Amino acid sequence: MSEAPVVLRLTGITKRFGTLVANDGISLALRQGEVVALLGENGAGKTTLMNILFGHYVADEGTVEAFGQPLPPGHPRAALAAGVGMVHQHFTLADSLTVLENILLGTGSLWRPSLGKGAARARVEALSRDFGLKVHPDARVGSLSVGERQRVEILKALYRDARVLILDEPTAVLTPQETEALFRTLRLAVGRGLSVVFISHKLHEVMGIADRCVVLRHGRVVGEVKTADTDRHALAAMMVGSEVTPPAVAPARPGPVLMRLDRVSGAGLRQVSLDLRAGQIVGLAGVSGNGQAAVSDLISGLIAPAAGAVEIGGRPVGRWTPRQAVAEGIARIPEDRHKTGTIADFTLTENAILEGYRSGFSRAGWMDWRAASDFAKGIIRRYDVRCPGPETRIRLLSGGNMQKLILGRVLEPGPKIILANQPVRGLDIGAIGYVHSRLLQARDAGAAVLLISEDLDEIMGLSNVIHVISEGRLSPGFARGTMTQTDLGLWMAGHGFADAA
Amino acid sequence: MEIFDILLSATFWAAAVRIASPLIFATMGELICERAGVLNLGIEGIMVIGAFCGWMAVYQGADLWGGVGVAMGAGMLFGLLHATLTVPFGLSQHVVGLGVTLLATSTSSFAYRLMLPEVTSPPKIEPFAVWPVPGLSEIPLIGPALFQQTPLTYAAFAVAGLTALVLFRTPLGLALRAAGENPAAVDAQGLSVTGLRMGAVIVGSGLMAVGGAFLTLSAFSSFFFEMVNGRGWICIALVVFGAWKPGKAVLGALLFAAFDALQVRMQQTPLGQAVPYQVFLMMPYILSILALILMSRRAEVPAALMTPFNKGER
Amino acid sequence: MRLEPIANPSALRRAGLPLAALGLTVVTASLLALLAGANPFATLGLIVQGAVGTKFAALETLNRATPLIFTGLAVAVAFRARLWNIGAEAQLYAGAVAAVLLGTGAITGPLTLPVMALAAMLAGALVLLGPVMLKTRFGVDEVVTTLLFNFIMLLLVSYLLEGPLKDPMGMGWPKSAALIKEARLPRIVTGLRLHWGFGLALIAALLVWVIQTRTALGYEMRAVGLNPQAARFAGIPVNAVLVKTALLSGGLAALAGFSEVSGLKGNLTLDLSPGFGYTGIIVAMLALLHPLAVIPSALFVAGIFVGADSMSRAAGVPTYIADMLLAFALLFMVLAILLTKVRVVRG
């Protein structure tokens, strides 16, 4: 392996944003036919590094070489032209265009008189056959599943004759079984002489596919090991800087059912029944886009069920709106804290009272700004929100601090029911621990918690009962510790539902 | 009774095609902008500046096609202004569009007064003459309607065909549509979203101006301050009505123009005499609103319309 | 190029850039004057002179500013909630029609003026309600519908003035009968040509400011304008807030019509508004959508119009220079405001 030529070489890459050093002298070499895993927490500098490779950022120091040729900095097409293809974590596909159109986008000159769809279709079909990437070229991307979209992204790279594939967190959105299929594709690719950079923080997957691991922390390379010479624990320790211990989860003492979905349908859900009990965390696992959003919207009050009933404390709810949900004592932590959870140009104070301004902070239509400010100050103190003050615009806060303010906003009234939709996505490890401990605290105080996450580790670590959602159907609840990742993966892929019905 | 007589007359359909022509130019211009993700509310003013510049150029001695060229150039200049402010700077497309409309309109008035300080009524020019297509213009009903028009009308239909061809059959069109659907996808392929969108707005604005020039160079042979009279806003409704597809938008423009031609003729009938003429004049605007309501549920809006793209964010 | 947000813009940046925008507008004015063959300094001087140089000029500017404060407020209120009301012109005429309907003898007594004002506000509110319902029910873009309503409204007024509202004594001119004495807004100071519409405009600005900063409705309107998705999630009834905003905005624009008819003209004609509704957009943008800043902004805009009128007579530069200047000022200002928040970086 070590005799194979180097196809991609990054040397001494340094990139600063103001005082923050995002990349600090990073060097990395990828050989032909090799799979290198790039490991690191959120904020370790992986994304910045890739943005430099693809010319979106210009490095302050260092060089990038592909196949022995230096890439000019700041030219997005240079890496593509040199045969380096990237599959972004957030797919860069246009939903209303077809698979073929998405693949053809940006290939060749813009000024060619014709798209040449016929020849392109034949080539795409050949590629999908050779690499085990099944997808219909004339399907609209908007109608594809997440796994299929990823295949389109890989096809896009292969169509451009990529010799190096870079995949950014490719398995975050896949079932374990889809992940296996992806790995088969990658092995086929490597067998044909391609090289792969695999960015991830899921250690068991890294151990499964990579030949070599490069670990980043705080913008530096802190370790480089052959996968064969290491194990998960050692890698985890390298990644966070110390041995990690998963949070100890005390056994739950489940109480009465506080909220119940009774054969609810609508918005893609099919006869979903779900009990949320006091003092218990229910985890909702599943591949993104299988109905999690609908469950979340339903509990948040954004949508009402088309059929079936929502009951709180044994009574069916009436007119179901977000305001009603808040009034019923539901704490709602939304999936997207930037777009749904906060208003970027509002101050912390204004954001803190978004849900309670009617009841607690105004009288007869007049705002009580003093009370609002006191409330915000209380949250800032008790939830350790790092900020210049309550009158700061929230857009200036980090994701973790933003999430803490949301936590404070919804937990301060002492909710009976908590909806936590992807509560730690994109947070650093400190903030993750904080959010999880707050959820556990609320559980122990008697709240019923619904945790929606695409991260099976998070679900399995925190939940007392796990449901899997697939194509709008909900699996039975599985007690903590009764299912393995593989078992859940089968449910996530839709197996088991027919006989469970 | 009279309605049937009107509908069966060739002059009626010829008028409809004539009325549709400027709308087709401007609607294609707007459609190109919106397909790339930019709402261009400068359209009304750009039509005014096109009408003015085309007419003034011809009045100053340019030939008619020269006038069309000058109008297009002026439109592109205002398109460049709009594009610079809305694309790289990502400013509100609503505010900038209205600003461009105000600027283009007032520039036309200012320049008019500057160049013709003493005139009380605007001078006339010799407009495009009807150019019957040999052979085809002899066909009954269809011939006079479609093939006894001015060259600029034929150009309008050619532009619509070309727009459809480029948008759906070429790599450039694919990139433009992708820029209006998901600019990040375009950016990831190393293409410039900024370049594509600016190009679309500039070319689209050029077409809008030609639409305006049609009014002075082919329809009325003179320039009046109020001559565009909301046609730009109607074209924005036509883009929605046409579901962002050139063919459907042309059909919409023809349908709309037919109604317009019909109402003019209806005013002459006994029924028309009984109804206040303002009701007829309102019809185009009311029809536009109805079209918007009708298509509101079905239309597929370009997903990134009015969403600025800034590389730094993701 | 790329835009990078500035975390804490300096005071110099926040004040300097808008001032620079105004400076650029003045430079543009000079260039336009040169283009017209006039001396730029003399032209600018004549504009200022014409706007505030004499008592008559200053009062004329105040009078011209009155409807602009109302339409500017209407636009500011709506834009703040990201409701694109471009139809202030239609709402203004709706208010004027209501004022004429009631003020030509239909009601009398001491309550005539308040009833007229309320009816005008109601009429304007209703005119905007249509497009807003289309937006909330069908998702129809209100920009185009409010714009189209302007044309429809003007034709409606034209019909009314030639038909039901036509002044029988008008010698065939399309104008309404004159308002009765009790329906006229009195002058603020006897002998000075300035009516109470101006005072009403100032009060309206103050009230709007109070609503925006002190009331729950104001909080809701700002939340909906900044992020409707988050507002809806938090439980703010977005559509209801948009409707309330529309009622307020349409009502304010209609007061411009009421004030012009009742304070200044005394009857309704088709040229009641030389585009006050559209100019309101410029007034609001130059005021950065702040209700109190609408007052100086309207005075500035009115001054340019009045000044340009009188300059044009003296210097021969077309009066349309005023419209051009304001369009430039608008574009410069939105760019300047953006640059107070972001900086342009390469790469």
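Cβ from N, Cα, C; glycine included.
Note on the transmembrane segment (B:6-26): residues 43, 47, 140-141, 143-146, 148-150, 152-153, 156-157, 159-160, 207-208, 210-212, 214-215, 218-219, 231-232, 234-235, 238, 249-250, 253-254, 256-258, 260-262, 264-266 of its chain, located 6 or more positions outside it, place their CB under 8 angstroms from a CB of the stretch. Among the features that TrEMBL reports, transmembrane segment is placed at B:6-26 (among others).
Among the features that TrEMBL reports, transmembrane segment is placed at B:38-58 (among others). Tertiary proximity for the transmembrane segment (B:38-58) is limited to same-chain residues at least six positions away from its ends with a CB under 8 Å from its CB atoms, namely 22, 26, 29-30, 64, 66-68, 70-75, 78-79, 82-83, 86-87, 93-94, 96-105, 107-108, 111-112, 115, 125-126, 197, 200-201, 204-205, 208-213, 215-217, 222-223, 227-228, 230-233, 235-236, 305-306.
Annotation source TrEMBL lists transmembrane segment at B:64-83 (among others).
Sequence annotations record features per position, and here TrEMBL assigns transmembrane segment to B:95-116 (among others). Here the transmembrane segment (B:95-116) has long-range neighbours at 39-46, 48-49, 51-53, 56, 78, 81-82, 85-86, 122-123, 223, 225, 232, meaning same-chain residues at least 6 beyond its ends whose C-beta is under 8 angstroms from one of its own.
Under the heading transmembrane segment, TrEMBL lists B:128-147 (among others). Remote same-chain residues near the transmembrane segment (B:128-147) are listed as 8, 10-11, 13-14, 16-17, 64, 154, 217-218 (criterion: CB distance under 8 Å, separation of at least six residues from the stretch ends).
If you look up TrEMBL, you'll see B:154-176 (among others) marked as transmembrane segment. Sequence-distant contacts of the transmembrane segment (B:154-176) (same chain, at least 6 residues past either end, Cβ-Cβ under 8 Å): 20-22, 24-25, 28, 31-32, 35-36, 131, 133, 186, 191, 196, 200, 207, 210, 214, 245-247, 249-250.
Taken from TrEMBL, the feature transmembrane segment covers B:196-220 (among others).
Look at TrEMBL and you will find B:232-257 (among others) tagged as transmembrane segment.
The transmembrane segment annotation in TrEMBL covers B:277-296 (among others).
Ranked by Cβ pairs under 8 Å to the transmembrane segment (B:277-296), the stretches B:64-83, B:196-220, B:232-257 are led by B:232-257.
Residues 29, 38, 40, 42, 45-46, 49-51, 53-58, 96-97, 100, 103-104, 127-128, 152, 197-198, 201-210, 212-213, 217 of the same chain lie 6 or more positions beyond the ends of the transmembrane segment (B:64-83) yet place their CB under 8 Å from a CB of it.
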